[in-house]
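Colleague: Before I ask anything, here is the structure I am working with.
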Amino acid sequence: MRKPIIAGNWKMHKTLAEAVQFVEDVKGHVPPADEVISVVCAPFLFLDRLVQAADGTDLKIGAQTMHFADQGAYTGEVSPVMLKDLGVTYVILGHSERRQMFAETDETVNKKVLAAFTRGLIPIICCGESLEEREAGQTNAVVASQVEKALAGLTPEQVKQAVIAYEPIWAIGTGKSSTPEDANSVCGHIRSVVSRLFGPEAAEAIRIQYGGSVKPDNIRDFLAQQQIDGPLVGGASLEPASFLQLVEAGRHE
């Protein structure tokens, strides 16, 4: 039985004071980690303080991206070594906003995934199709290609620890959402791709999230689907009460 994982992606929101207050408000109320994994992925500048604030609790702190190199002349970048040193646990890789706005490619994402495992970070690897690709009937082909390239070079044991987040680009921050059944179908296809590449044990163990306008009022519909192990949530993760509703929903699935 795969443990649900509820991850919030704050994107470029909050001040340091607001971020710390959020963690103080929720850390004592998240469900036990043996029931559901609760993650907040915050801006780089806040990570050190948030890891300290969440220390000793069941709330995990993640980053929203990273570079693939341990160090070097990469102005403005943050390395996996730096994140690990801070005590960060998870890192989102290949989010569509990174691909679209910052020219990240499948090959770059793969380098980051390999680097994350090398340094003991758990990657949340994003994939998803555009509206045009969806309307052309290319959803399964697009996500299969992204997943295959992102996981290249990993071992089955590493794949078992990874998280894949299916986020259809047309549903991110738009208020539109894939139906739970459609999302489940794509997540099932992703699992079949993992099975083909790494075997059925890895496919059964890997956790696959759905992201795209998930909120407290619809999360249970997605969690009820067999292939969906939790959501990657944007806007609905910004308020403590909303985030706690999300993780509590995961506790009962």
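Counting starts with 1 at the first residue shown.
Cβ coordinates come from backbone N, Cα and C, glycine included.
Okay, these came from Swiss-Prot:
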- His95: active site, electrophile (ACT_SITE)
- Glu167: active site, proton acceptor (ACT_SITE)
- Asn9, Trp10, Lys11, Gly173, Ser213, Gly234, Gly235: substrate binding site (BINDING)
- Ser213: phosphoserine (MOD_RES)
Colleague: In which DSSP state, out of helix, strand and coil, do we find Asn9 (substrate binding site)?
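Modeller: Asn9 (substrate binding site) sits in a strand per DSSP.
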Colleague: Which of the three DSSP states, helix, strand or coil, fits Gly235 (substrate binding site)?
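Modeller: SS state of Gly235 (substrate binding site) = helix.
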Colleague: Within a 10 Å radius of its Cβ, which of these recorded positions (Lys11, His95, Glu167) has the fewest neighbouring Cβ atoms?
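Modeller: So among Lys11, His95, Glu167, the recorded positions given, the one with the fewest Cβ atoms within 10 Å is Lys11.
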Colleague: Tally every other Cβ atom lying within 10 Å of the Cβ atom of Ser213 (substrate binding site).
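Modeller: I count 20 other Cβ atoms within 10 Å of it.
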Colleague: Using a 10 Å radius around each Cβ and all protein chains in view, which of these binding-site residues has the most neighbours: Asn9, Trp10, Gly234, Gly235?
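Modeller: Result of the Cβ crowding comparison: Asn9.
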Colleague: Would you kindly give the Cα-Cα distance separating Glu167 (active site, proton acceptor) and Asn9 (substrate binding site), rounded to the nearest Å?
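Modeller: Asn9 (substrate binding site) to Glu167 (active site, proton acceptor), Cα-Cα distance: 12 Å.
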Colleague: Between the recorded positions Trp10, Lys11, His95, Gly235, which lies closest to Glu167 (active site, proton acceptor), Cα to Cα?
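Modeller: In terms of Cα distance, Glu167 (active site, proton acceptor) lies closest to His95.
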Colleague: May I ask for the distance between Trp10 (substrate binding site) and the residue listed as 'active site, electrophile', taken between their Cα atoms and rounded to an integer number of Å?
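Modeller: Distance (Cα to Cα, whole Å): 13 Å.
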